[in-house]
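Listed features, source Swiss-Prot:
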- C29, C32, C48, C51: Zn(2+) binding site (BINDING)
- 25-294: domain 'CoA carboxyltransferase N-terminal' (DOMAIN)
- 29-51: zinc finger (ZN_FING)
Amino acid sequence: MSWINRIFSKSPSSSTRKANVPEGVWTKCTACEQVLYSEELKRNLYVCPKCGHHMRIDARERLLNLLDEDSSQEIAADLEPKDILKFKDLKKYKDRINAAQKETGEKDALITMTGTLYNMPIVVAASNFAFMGGSMGSVVGAKFVKAAEKAMEMNCPFVCFSASGGARMQEALFSLMQMAKTSAVLAQMREKGVPFISVLTDPTLGGVSASFAMLGDLNIAEPKALIGFAGPRVIEQTVREKLPEGFQRSEFLLEKGAIDMIVKRSEMRQTLASVLSKLTNQPSPFVEPELISEDE
């Protein structure tokens with residue numbers, strides 16, 4: 001082949017350098033499938049600016065965005081799960097724990113902290129769905145109880161953000177025991193008059209929804225969160241019927257009276273502060289309009 005033929009036989013694309021786009025710069029919305037700039041999405045608290053879909057958010061990031069800057073202090077950060085049953089399904093439970101810890105950088109699926117919200121003392125907790133589906137095992141139960149006890153000690157509100165597939169099957173009855181354990185400590189809080197607010201996020205299912213997640217003095221949900229005991233596919237397979245549109249979503253539950261309110265993530269911080277100031281008889285951190293009677 002002559003030199004001139006070699007030049008013209010080259011593909012136009014072979015001389016074009018591909019753009020080197022670092023991984024993680026762009027994120028596709030799981031609802032509308034719009035491609036979003038990741039930094040913009042992070043600034044928007046992982047809510048799609050195009051369609052308003054609330055994506056899942058890292059538990060630690062959620063709590064740090066909620067609390068006043070530099071006010072957070074972690075509770076029971078040293079607790080780690082143990083494979084006391086030597087459980088094995090397709091993989092050893094011990095290996096699943098190690099993989100989840102490596103992937104998330106967390107020791108288990110619940111993060112608990114003290115801090116302030118608009119200068120009001122508060123105890124907070126959040127489930128990390130990325131850690132084994134946010135499942136509740138012995139450590140999750142223990143950390144929840146320690147957080148509740150801290151709230152009673154400080155006489156301040158406790159707010160928990162749930163995102164879980166339910167009890168952790170690899171811990172068998174030890175995980176189911178956490179349902180009673182967490183419910184019992186909330187009963188103690190109620191006796192002492194310490195407020196507990198439960199915020200249900202997508203998804204909140206199984207043993208978590210059947211215990212502490214639905215036991216708030218006020219039960220709040222994020223928009224379109226999936227909330228229930230069994231998931232919709234399991235229910236459809238059991239009853240052999242098509243479920244109503246939006247069944248088990250937060251809007252459906254609000255309509256049926258199962259939850260108290262739906263709050264957008266961007267409004268969560270201000271809403272919680274306003275509600276907690278009323279529950280604790282403290283001045284509101286915001287200037288609220290005076291109520292005017294109809295006959296005035």
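Cβ from N, Cα, C; glycine included.
What you are looking at is a predicted structure, and each value in this text was computed from that prediction instead of being measured.
Taking the Cβ of C29 (Zn(2+) binding site) as reference, residues of its chain lying under 8 Å away and at least six apart in sequence are, in sequence order, V35, L36, C48, K50, C51, H53, M55. Taking Cβ-Cβ distances under 8 Å and a sequence gap of 6 or more within the same chain, the neighbours of C32 (Zn(2+) binding site) are C48, K50, C51, H53.
In sequence order, T30, A31, E33, Q34, L36, P49, K50, G52, H53 are the residues of the same chain, not among C29, C32, C48, C51, whose CB sits within 8 A of the CB centroid for the Zn(2+) site. Broken down with DSSP, the zinc finger (29-51) shows 6 helix, 4 strand, 13 coil. Least crowded of the binding-site residues (C48, C51), judged by neighbouring Cβ atoms within 10 Å of its own Cβ: C51.
Taken together, the residues in the zinc finger (29-51) have a mean pLDDT of 94 on the 0 to 100 scale.
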